[in-house]
Every structure is written in C-alpha cells, then in structure tokens.
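Here is the structure we will look at, set down as structure tokens.
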Amino acid sequence: MNEKIILRRLDDMHCHFRTDLLLKEVLPFTAQYAGRGIAMPNTRPRAILTGDDVVWYRGEIKRALDEMPDRYSFEPLMTVEIRDNTTPQMIAKAHHAGAVAGKVYPLGVTTNSDEGLRDFDNERISETFRAMQDAGMLLLIHGELDRERTLVMKREEIFLPTLLALADKFPNLKIVLEHVSTRAAVESVRQLGNNVAATITAHHLCLTLNDVVGYGIQPHHGCMPMPKDFDDRDALIAAATSENPKFFLGSDTAPHPREKKECAKGACGVYTAPVLPQVLAEVFESVKRLNRLENFTSRFGAEFYGLPLNEGAIITLVKTEWVVPEQIGSVVPFRAGTKLQWQLS
Ligand code: DOR
Ligand code: ZN
C-alpha cells in the first residue's frame, strides 16, 4: 500500500483566476482540491473595483464552474482592489455585493499594478480603511514599495514600516501581508498583534533568487515578490510549518500564457495551481512536518477570515511519483518536466 495523506479541502487565500478562456483553463485545478479561494481583483481589461464588478466577476467564475464536466464544492471569495480613489461608499457597496476583502497593490510593484495605491498616509485612504474595518472586511496587502535606488530584493523590507503604522492605526482591521518572502517580514508579522497575519506561497517555500537568475534566466520562476536568499526561505519554511496560526496558505497561483513569460519583458507570476497540494506535501515532508500540513492549508486561513472550516469532501494525496507536464493548456506550470512524489487521487 502506498502512503496516503488525507486533508480537509484547502482554502487558497490568494488566487489569480483571470477571466475568459484563461479562467476556464485554470479554475478546475483549484476547484479540484480547494473548498474556497480568494479571487484577486487585478483582472484586465476590467479590474474589480466596485460592487458591480464583484457581482460580474463572481458570475463569471460561477459560470466557469457550472461548465466544468466535474462538480466541485468550490466557493470563490471575492475582493475589490483599493486604489487612491476608492471611497468608503464604494467599500459599503462592495461589501454588500459580497466582497470579503480589499486588496492593495502599491503602484508599480507587480502585474497590473499600474493604477496601484500611491499614498498610504493620506486622510482619504484612511477613511476607506476605516470603512473596511467597520464593515469587517480584511485588508490584503502586496507588501512592497518601488522606490528610487531600491533594489527589487529590498522592496518588501522597506514596506514593513508602513505595515507597522497601519496595524497601529487600525487595531481592529484584519490585515494580511500577502506572499511574504523575507525573514524580516515573517518576524514583523510574528511580533504584530493578532489582527495581522501573512500568506505564504508554495513557490517561495521552494525557490531562491538563484532559481530565477542563477543558472540562466528562468522566466517561469519570475514573480513578485522575487524569491530571495536561503535564510529567507528557511524562515518561510519554519513559519509555514510552525503551527503559528498567523501563517497560512495563499498560493498566488498566477498563470500567464507561455508567450507572455518567454519574451523580452516577461510577466511576473508562477502558476502553481496544478501542483499545489503535491508540492506543499513535499516541502512539509522534507522537514518532517507532514502532520502540520492541514492546519496550514485548511484551518488557519479560515480562522483568520472568520469562516467555518470546510466540511464534507476531503482530498487524498498518494505517494506515487509522477512527472509534471511541460505545459498545461496555454501555461507552463511550476515544476514543469520535473518529478513530484505525491499525486492527487
Ligand atoms: O508574481 C506575481 N504575479 N505577483 C503578483 O503580485 C501578481 C501576480 C499576477 O497577477 O500575475
Ligand atoms: Zn497575487
């Protein structure tokens, strides 16, 4: 008998489902093993900014689910993007439309952040954050700043004072620092109050900068925040496997068609959805913490969001080697062409 892992269905608290054909292509992978997924709002051409956008995007995702040959018990959790012009009234409407969170992309730090937030300090945006706090919506933050004479490797670290200020100013606003990539960020989140948590991706648990530019440029490992040093990765693995409920899964699965990655100015994003539980099992097993996987994937995120745990259906991983395809649909998945030890049954 092969070894098995049985898990409560996952909550993936950070997904890029995109729209149209790409949505239909990528959604089945997450829906297969997750009970819920946070749908990030940086879609194009229509970004998710208002209550109407939330209703439209949820409809698109539900339609894509209905069209799948297999029925999955999957629920998208909706978000809106917070920009400089997002008002408390827009927050009220988005909340009414079912958005559970607002996402901030600081200007210019990643894919589709060209209209991101410029100023965290002004009084108008504080009113917006206050409206989120009052409505019980979460604030999800891409925690990097693009500043003059600041290397991409330092962008997360220079954001941390802003995080501290926000956590201090809004003690009842639940804040998630998304896809932490440094030891410094892990330490900040650990030290802040219980209103602050962080998501961790599978690829940041696996990669360092060497895997992006150290052995030829590997565009399919390029993402924001950039994978960093070995010591940072050690800190992420320690946090994910620590059973500290402040750290939970948000995969940031970010599909871009192959030609958008393999070109002169490749898009940022790693497509992990097709291999997510399998890769996580490998990482947790490598540090002899497989017994802690379920809390990371299926408990701590729900608890921080104030949601009941996924009940009913479960997923099973079986220890059987397989090779990840070189391409799935139009996208090259994480670990393409390499062997994985665990298979989803
Ligand atoms: O690498 C990334 N890709 N980081 C993000 O924050 C956004 C994402 C995307 O949308 O492709
Ligand atoms: Zn993302």
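Any Cβ shown, glycine's included, is placed from N, Cα and C.
Binding site for Zn(2+) 2 per TrEMBL: LYS103, HIS179, plus HIS142 from the candidate set HIS95, HIS142, HIS220.
Substrate binds HIS16, PHE17, ARG18, ASN42, HIS142 as TrEMBL records it, and from the list HIS221, HIS256 the residue named for this site is HIS256. Here the Cα atom of HIS16 (Zn(2+) 1 binding site) is found 8 Å from that of ASN42 (substrate binding site). Report note: the Zn(2+) 1 site is defined by HIS14, HIS16, LYS103, ASP252, and the residues of the same chain whose CB lies within 8 Å of the CB centroid of those residues, excluding them, are CYS15, ILE38, MET40, ASN42, LEU140, GLU178, HIS179, GLY250, THR253, ALA254. Only HIS16, ASN42, HIS142 of the binding-site residues listed as HIS14, HIS16, ASN42, HIS142, HIS179 bring a Cβ under 6 Å of any atom of ligand 1; the order follows the sequence. Taking HIS142 (substrate binding site) as the reference point, the recorded positions whose C-alpha atoms are within 10 Å of its C-alpha, out of HIS14, LYS103, HIS179, ASP252, are LYS103, HIS179.
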